[in-house]
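To keep things clear, I will list the structure first and then write my remarks on it.
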Amino acid sequence: MDTQYIIAIDQGTTSTRSMVFDHAGAVVAQAQREFTQHFPQPGWVEHDAEEIFTSVLLTLTEALQRGHIDAAQVAAIGITNQRETVLIWDKASGRPIHHAIVWQSRQTVSICNALKAAGHEPYVHARTGLRLDAYFSASKLQWLLEQVPGARERAELGELLCGTIDTWLVWKLSGGKVHVTDYSNASRTLLFNIHTLQWDDELLRLFGIPRALLPEVRGSSEVYGHIRPEYLFGHAAPLAAIAGDQQAALFGQGCFTPGMAKNTYGTGCFMLMHTGSKAVDSQHGLLTTIAWGLDGQVDYALEGSVFVAGSAIQWLRDGLGLLDHAADSEALAASVPDNGGVYLVPAFVGLGAPYWRSDVRAALFGMTRGTGKGQLARAALECMAYQTRDVLAAMQADAGIALTELRADGGAIANNLLAQFQSDILNVPLLRPRVAETTALGAASLAGLAVGFWSGRDELARQWQLDRRFEPAMDADERERLYAGWQRAVQAALVFTPD
Ligand SMILES: Nc1ncnc2c1ncn2[C@@H]1O[C@H](COP(=O)(O)OP(=O)(O)O)[C@@H](O)[C@H]1O
Ligand SMILES: O=P(O)(O)OC[C@H](O)CO
């Protein structure tokens, strides 16, 4: 029989990737497409869901062509996606009624603030493990139903469907036959009870969301349907996995047992710790979320969501013009011995975990006349490490355990200076795996498990391979001195809020 492969579709915030994995878990071919970011007003971020779907079809076919792989060799397709981003579309025509509202978008801050002021946060948190924040899908759906003319009436008549990006893609790829999501994505909507594993009627009422809009919630590793053959050179491959991108990365990093954690350094920074079958309620500003539904049960995770990480480097590049490429930040930072007392609090869209302050704005502290590009590059890299320490401290306090190692992935951790500094500031070894595309690997793994391509988690755990291990090398006084500077900078930024 011909060699078989699994395709993972990684639909991220700024680009879509299709990656083909072989049985050893190695990437044999891939294709990537960026798509348009729409900023209709300051702080708003939207995507054209049709453009996203086109990017998926193009990368699927490009990846197969590049790898000279026959579509019949595709054993299954797994989907992983930017989370919380949500849209509504017309059931009959398949056309979105408006752009998708992206997770970063702040256009529903006032909806959330009003609900918080009315005292709803405690029970929303108790059911969902989340916060009443514009980051999650529920207020975005409410906004769409209120702002798009006729949407609410049509939703109540059952003419419309909604979904996060996974749901949209499965619906489109299956030719409008399958309307599903998985537990990991449902757990990011603010409408799903993570304890009863049901859409929550009271939360639906609170946000005014008709139940008829919502998809069925399924496991993260099962065959939901098949791709229309015309989308894959005539082969109706099974659509066999769905997982939110951060949970997929946790899976792809082989964090299968309680206490194992990963941190992904992409646009934002997302640290997740597996907590097993237990939903640990955070007392320190973290989220409780569903890691995945697999083999008939769900596993939970604690999550620290940091909104700005690698995008601080993009700001140096595109906003300030200090760099040509993000990777140049390493040499620039290495051109100076230290941060020279400069700290960047990168609250460009407010601060996420563990602060949850959407009103705070970014700030630079500690500059002197001698401050130059090198210190700014350091401050931008270091802020990822300090934010990670904030989250790790919260996680250790919530879980009651000390982390012995941190598995790291995402575009920015290719930066060796950042990786070493991160290990120093945490005083924990940082492990960078050989397959950097852990998000896609996680989705491929879940799809492969669903169709018997891999035997189980043990086999997957054996495939995880180390690229480089960074050991903490900074002395304790220096570590605590630097971190104390960060804490002062955050406190100062929290005090200054715009009108
Ligand atoms: N060598 C590098 N050093 C620092 N930051 C980097 C480096 N390479 C990429 N980045 C940053 O990492 C991010 C891209 O990582 P990626 O994992 O592709 O993100 P996402 O999936 O969120 O789009 C960008 O914000 C970019 O600025
Ligand atoms: O698309 P990414 O990789 O920036 O991930 C976005 C997260 O899923 C948002 O919660």
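For all residues, glycine too, the Cβ spot is worked out from N, Cα and C.
A TrEMBL annotation is a machine prediction, not a hand-curated record.
Database features (TrEMBL):
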type: BINDING; residues: THR13, ARG17, THR267, GLY310, GLY411, ASN415; note: ADP binding site
type: BINDING; residues: THR13, THR14, SER15, THR267, GLY310, GLN314, GLY411; note: ATP binding site
type: BINDING; residues: THR13, ARG83, GLU84, TYR135, ASP245; note: sn-glycerol 3-phosphate binding site
type: BINDING; residues: ARG83, GLU84, TYR135, ASP245, GLN246; note: glycerol binding site
type: DOMAIN; residues: 5-252; note: domain 'Carbohydrate kinase FGGY N-terminal'
type: DOMAIN; residues: 262-450; note: domain 'Carbohydrate kinase FGGY C-terminal'
(request) Could you list, ordered by sequence, which of these binding-site residues: ARG17, GLU84, GLN314, have a Cβ under 6 Å from ligand 1? (result) GLN314
(message) Within its own chain, what residues at least 6 apart in sequence put their Cβ under 8 Å from the Cβ of ASP245 (sn-glycerol 3-phosphate binding site), listed in sequence order?
(response) ASP10, GLY12, THR80, ASN81, GLN82, ARG83, THR264, THR439
(request) Can you see whether DSSP assigns GLY411 (ADP binding site) to helix, strand or coil? (result) helix
(message) To the nearest Å, how far is the Cα of THR13 (ADP binding site) from the Cα of GLN246 (glycerol binding site)?
(response) 12
(request) With GLY310 (ADP binding site) as the reference Cα, tell me which of the binding-site residues THR14, SER15, GLU84, TYR135, GLN246 is the closest one. (result) THR14
(message) Sequence gap of 6 or more, Cβ distance under 8 Å: name the residues on the same chain that satisfy this around GLU84 (sn-glycerol 3-phosphate binding site), in order along the sequence.
(response) TRP103, TYR135, PHE136, SER137, LYS140, THR164, ARG188, THR189
(request) Out of ARG17, GLN246, GLY411, ASN415, give those binding-site residues positioned within 10 angstroms of GLN314 (ATP binding site), comparing C-alpha atoms, in sequence order. (result) none
(message) Given the binding-site residues THR13, ARG83, ASP245, GLN246, GLY310, ASN415, return the subset with CB under 6 A from an atom of ligand 2, ordered by sequence, or none if empty.
(response) THR13, ARG83, ASP245, GLN246
(message) On average, what pLDDT score does this prediction assign to the domain 'Carbohydrate kinase FGGY N-terminal' (5-252)?
(response) 96
(message) Same chain, not part of ARG83, GLU84, TYR135, ASP245, GLN246: whose C-beta falls within 8 angstroms of the C-beta centre of the glycerol site? Give them in sequence order.
(response) GLN82, THR85, TRP103, ARG188, GLY244, PHE270, SER305
(request) Check ASP245 (sn-glycerol 3-phosphate binding site) against DSSP and tell me helix, strand or coil, would you? (result) helix
